[in-house]
Amino acid sequence: MLGARHTGQAHRLSTTSTARSQRTKSGSSHRWLRRQRDDVYAQQARTDGYRTRSAYKLVALNEKHRFLRPGGRCIDCGSNPGGWSQVAAELVLSGGTDKAQPDAMHAREGLVVAVDLLPMPPLAGVHFVQGDFRSDDVQRDVVRLLDGLPADVVLSDMAPSLSGIRMADQARSMELCETALYFAQQYLKEGGTFVCKIFMDGGDPSFQQQLRSLFRKVHIEKPMASRKDSAESYLVCLDKQ
């Protein structure tokens with residue numbers, strides 16, 4: 001009887017723990033849904049047909065610095081689910097694209113190459129390369145699509161899987177920035193633009209110093225579409241030397 005009583009208690013504790021976990025997950029889901037419902041950028045993204053609210057971050061950066069131009073060649077690193085690629089395609093591809101018609105005819109001018117570790121649904125006129133951008137093979141695939149021409153813009157919205165350990169997350173974020181910058185050093189044209197996301201105020205000072213030696217202007221920006229509680233900001237590097 002004692003064993004049976006202990007088993008019953010264990011079952012009740014397990015059931016209680018499971019229910020508590022489910023309530024926690026449910027509460028988190030409700031909070032996320034409420035935040036999305038109340039988020040003006042999420043609402044506007046649905047209205048405008050963008051896949052994600054983050055599209056407006058690139059819209060704001062470009063409105064301020066004007067680096068995406070018709071006929072340009074743009075590399076979008078960390079593209080999934082495609083919001084930045086949509087904005088880039090609208091601005092650099094001849095005639096733009098129809099967000100609602102992903103199978104439409106490819107535009108004849110300009111180039112957008114999107115790269116991500118995760119799959120991304122197709123976008124008209126956008127070439128997608130799936131894989132880890134830190135891989136030489138993936139970068140070679142991107143270079144092949146450039147077809148011997150330099151890129152006008154290299155965008156990196158890449159972000160590591162956050163662990164909650166600040167120093168570790170910052171180190172992983174900087175590794176991705178450095179990978180994107182190394183690519184830009186080789187394949188970005190003179191006068192081109194490099195944009196990368198960082199998760200601290202301005203990033204590593206030595207990284208900033210390196211950027212200032214390569215670009216004539218370096219700006220630290222936090223677009224209005226970035227959440228107030230987010231540690232992210234963007235380095236906008238103009239006029240590669």
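Each Cβ is built from the backbone N, Cα and C atoms, and glycine gets one as well.
TrEMBL does not curate its annotations; it predicts them automatically.
These come from TrEMBL:
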- Lys197: active site, proton acceptor (ACT_SITE)
- 12-29: compositional bias 'Polar residues' (COMPBIAS)
- 50-240: domain 'Ribosomal RNA methyltransferase FtsJ' (DOMAIN)
- 1-46: region 'Disordered' (REGION)
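Classification of the residue listed as 'active site, proton acceptor' by DSSP places it within a strand. Within the model, the domain 'Ribosomal RNA methyltransferase FtsJ' (50-240) shows a mean pLDDT value of 91, rounded to a whole number.
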